[in-house]
Amino acid sequence: MQTPTVLVVDYGAQYAQLIARRVREADVYSEIVPASTPVAEIVAREPVAVILSGGPASVYAEDAPALDPALFDTGIPVLGLCYGFQAMARALGGDVAHDGTREYGRTELSLTDTSGALHGGLPSRHPVWMSHGDSVVRAPEGFTVTASSDRVAVAAFEDTDRRLAGVQYHPEVGHSPHGQEVLRRFLHDVAGIAPAWTTASIIDETVDAIRAQVGDGRAICGLSGGVDSAVAAALVQRAIGDRLTCVFVDHGLLRAGEREQVEKDFVAATGAKLHTVDAERRFLDALAGVSDPEQKRKIIGREFIRVFEVATADVLAEETVDFLVQGTLYPDVVESGGGSGTATIKSHHNVGGLPDDVEFTLVEPLRALFKDEVRTVGAELGLPEVIVRRQPFPGPGLGIRIIGEVTADRLETLRAADAIAREELTASGLDGEIWQCPVVLLADVRSVGVQGDGRTYGHPIVLRPVSSEDAMTADWTRLPYDVLERISTRVTNEVAEVNRVVLDVTSKPPGTIEWE
Ligand code: XMP
């Protein structure tokens, strides 16, 4: 049976993904479709409701995304938000004024009808987040106006008989404290959708889909130590048991404890068959004498593919494998506009004796999921907390957090400092506020210090704690002084080569999150 799905029509400006996430938080599955999707195509997908997102355009702009009024003849419940609200008002015969009425940011919403389906029973005045230029001045025929603001007369309307409603504000953002309740009411009460998208149902459906796809076949999955590959592998393991082989390349650029987390904890939690490749020496040799960041990245990427190929060839020597598991997430799918299901691992250099092109069919068990859902699924599958909660960590690992040449000693130094910083941040309960906190070793810089009776000539490490929604932009996290003090004291005492700890207070832009 097809999962009951809400389609979010994307009018731009990054609201659509947030709306889809909020719908799923109300236990209803949702997907995003572009504004250009024809109504016939929407109907063919049999959605249980449609939500029209906000967007930057004015409904009067020449290139404003169009809304086909035929959508409202289909009987599908529709909720319009912000731009979607105005487009809906216009399409149904209401009036939208291009009169310079603007509201941006926190605004008070006043209920004009306290018995409405979306807002009834909520405080008669409450804050919402607005962001609009035009405004709806007359609701379409058959709609009840249920809220206004100080500047706009029509801030929400509904026609519950036709299961249509809209709000001028953004219920999906945290600045609208009752927004989630309003979305929930639309989905459950107005549209009558049963809340069925739960962690348990995600796992059941995904496992069924993997079994259907892989059949009696075998699969291989590369683990990185991060949450996506671990959860993808755990789901496939649950579906096909030891017909899955996991491959873990230890390139020596991991942080303290990460190899053990995969080899011991992940395996204990899932029972997965794991093939670990010890490749530290190979990576260090390839990186010897290299300081240029782009060259480091290239070398690490190249070596990784080679080592993975060798490992794959080892597995292929024993069994036939048709499927390659990848941890692609829903935002990647949306942003790349879909995508196909076959990957070719090209054996560029034929080091592993693979045939010229080994073709695998991709298994992407996380393709429908947002990151927070992946974490919840991972926790439900019993994966170790350290893996499930792991902050983003770049593929080239500590290799791009040593400014200068990468050597075994420098890795040891950085690993020790990084472990202390992570330990103290976790102990202080700050993990939730921090997107990630790279610790960077300035290996080519030395500064004078004094420790005990002697002068030292050690290296600085940089703490780069950032807060972010998506890593595209970021701000430096205002860490409490006492936490910084504990990290600084411990690092300079416990890590021999480090005699200074400095804090990076640069936002992104202009600074990137990583230093290389
Ligand atoms: P920047 O430094 O560009 O980082 O602000 C944004 C996010 O991407 C991660 N990052 C990488 N991830 N390979 C990766 O897999 C890379 O080469 C790489 N460089 C940066 C970074 O950790 C942050 O989350």
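In case you wondered, yes, glycine gets a Cβ from its N, Cα and C as well.
If you look up TrEMBL, you'll see C82 marked as active site, nucleophile. In sequence order, Y15, S53, G54, G55, S131, H132, V167, Q168, Y169, H170 make up the list of same-chain residues 6 or more apart from C82 (active site, nucleophile) whose Cβ falls under 8 Å from its Cβ. In the three-state DSSP reading, C82 (active site, nucleophile) counts as coil.
According to DSSP, H170 (active site) is assigned to coil rather than to any helix or strand. The feature active site is assigned by TrEMBL to H170 (among others).
In sequence order, Y15, L18, I19, R21, R22, L81, G179, L183 are the residues of the chain that are 6 or more apart from E172 (active site) and have a CB within less than 8 Å of its CB. Residues annotated as active site in TrEMBL: E172 (among others).
The domain 'GMPS ATP-PPase' annotation in TrEMBL covers 197-390.
As annotated by TrEMBL, ATP binding site applies to S224, G225, G226, V227, D228, S229, A230. Non-local contacts of G225 (ATP binding site) by the CB criterion (under 8 A, 6+ apart in sequence, same chain) comprise F248, L254, E258, R259, Q261, V262, I387, R390, F393.
Excluding the listed site residues S224, G225, G226, V227, D228, S229, A230, the same chain places L223, V231, G327, I387, R390 with Cβ atoms within 8 Å of the centre of the ATP site Cβ atoms. Mean predicted confidence for the domain 'GMPS ATP-PPase' (197-390): the pLDDT average there is 91. Comparing the recorded positions H170, S224, G226, V227, S229 on other C-beta atoms within 10 angstroms of each C-beta gives the minimum for G226. Of the binding-site residues D228, A230, A230 has the largest number of other Cβ atoms within 10 Å of its own Cβ.
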